[in-house]
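What TrEMBL says about this protein:
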- 1-88: domain 'Chorismate mutase' (DOMAIN)
- GLY100, ALA101, GLY102, LYS103, SER104, THR105, ARG206: ATP binding site (BINDING)
- SER104: Mg(2+) binding site (BINDING)
- ASP122, ARG146, GLY168, ARG225: substrate binding site (BINDING)
Amino acid sequence: MNQLEILRESLGQCDEIILDALLMRNRIVEDIMAYKEANGIPILQPEQEAKQKEWLERRMADRRHKAEVEDVFGSITQNSKRIQARKLFNYNIVLIGFMGAGKSTISEFLKTAFAMDVIEMDQIIAEREGMSISDIFEVYGEQYFRDLETNLLIEMQSRTNVVISCGGGTPMRECNVVEMKKNGRVVLLTAKPETILDRVKDSHDRPLIENNKTVSFIAELMEKRREKYEAAADIVIETDEKDELQICEELIHRLRQMDNK
Ligand SMILES: Nc1ncnc2c1ncn2[C@@H]1O[C@H](COP(=O)(O)OP(=O)(O)O)[C@@H](O)[C@H]1O
Ligand SMILES: O=C(O)C1=C[C@@H](OP(=O)(O)O)[C@@H](O)[C@H](O)C1
Ligand SMILES: [Mg+2]
């Protein structure tokens, strides 16, 4: 063997070691998940990821190829999250609820925790139309916006293992609920009108309440929608006085309970 062949042989041995380690690591990720579930331990433990980052930082301090190694570990972390997500849910998670219930916030949290893609319906519609939700309402009217929502839901049926963050009014149309349920479990997030007002009072991207930011207006609209929200929901999660981690943990737990029935 010449020098080049020897080097390539060594490289191949490294790849074998990496491959075996990766396969072992992925199995351990699944085992940890199973252990947590079997023993009632929280699935989400964000402090663990921070510890792993600190470990890598320490180990790679002043070493060559730090950025490259960090990139590989970043990818390993993301893929571990995907493995966990797929083990937990083999469907889309569809978040519904009143404006300010936390649909967008919880979607982002799930994205960070499980590397799931998020379909933020309002955002995609606004991007495609090249204008804000408020402008779409003003220029084309609510009906036009609602049609865009229906079309987007149908389009999303070809995706799996994603979080769909609906607009607050999306489940008001029965056909939308039918489309959501074809590929997803529907999670209703709720909050008291006082909580909602507190959360939305400083934002200006919700045309339906822009000039009516009062507890009584919110309570009335919420009551009008309640029946349809509840009919659409597979599970309901109250979000008052809970943080994102608590809400997501409850969401995972309740969806798993549903699956195990
Ligand atoms: N559980 C929560 N606790 C405190 N604030 C929250 C919570 N969930 C959402 N918020 C805040 O409320 C506001 C509205 O949340 P958002 O996720 O945009 O609601 P939605 O998408 O349902 O309209 C945001 O400013 C967000 O930070
Ligand atoms: O409740 C509604 O009818 C709406 C809720 C909004 O989304 P959020 O619930 O994310 O605020 C947005 O889709 C639009 O302003 C209409
Ligand atoms: Mg939102």
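Backbone N, Cα and C define each Cβ position, glycine as well.
Features recorded in TrEMBL, as mapped to the structure shown.
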{"residue": "GLY100", "record": "ATP binding site", "DSSP (3 states)": "coil"}
{"residue": "ASP122", "record": "substrate binding site", "DSSP (3 states)": "helix"}
{"residue": "ARG146", "record": "substrate binding site", "DSSP (3 states)": "helix"}
{"residue": "GLY168", "record": "substrate binding site", "DSSP (3 states)": "coil"}
{"residue": "ARG206", "record": "ATP binding site", "DSSP (3 states)": "coil"}
{"residue": "ARG225", "record": "substrate binding site", "DSSP (3 states)": "helix"}
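Annotation for ARG225 (substrate binding site): same-chain Cβ neighbours under 8 Å, separated by at least 6 residues, are PHE98, GLY168, GLY169, MET172. Ligand 3 lies within reach of LYS103, SER104 from the binding-site residues GLY102, LYS103, SER104, judged by a C-beta closer than 6 angstroms to any of its atoms. Taking each of the binding-site residues LYS103, ARG146, ARG206 in turn and counting other Cβ atoms within 10 Å of its Cβ gives the largest count for LYS103. Confidence for the domain 'Chorismate mutase' (1-88), expressed as mean pLDDT, is 96.
Taking a Cβ distance under 6 Å to any atom of ligand 1 as the criterion, the binding-site residues GLY100, ASP122, ARG146, ARG206, ARG225 reduce to GLY100. Each residue in the domain 'Chorismate mutase' (1-88) gets a DSSP state, and the totals come to 74 helix, 0 strand, 14 coil. Our reading of the substrate binding annotation (ASP122, ARG146, GLY168, ARG225) yields a largest Cα to Cα distance of 19 angstrom. A 10 Å cutoff on Cβ-Cβ distances gives GLY102 (ATP binding site) a total of 24 other Cβ atoms nearby, all chains included.
Within 8 Å of the Cβ centroid of the ATP site, not counting the listed residues GLY100, ALA101, GLY102, LYS103, SER104, THR105, ARG206, the chain contributes GLY97, PHE98, MET99, ILE106, GLY168, LEU189, ARG199. Taking only the Cα positions, the spacing between THR105 (ATP binding site) and ASP122 (substrate binding site) is 13 angstrom.
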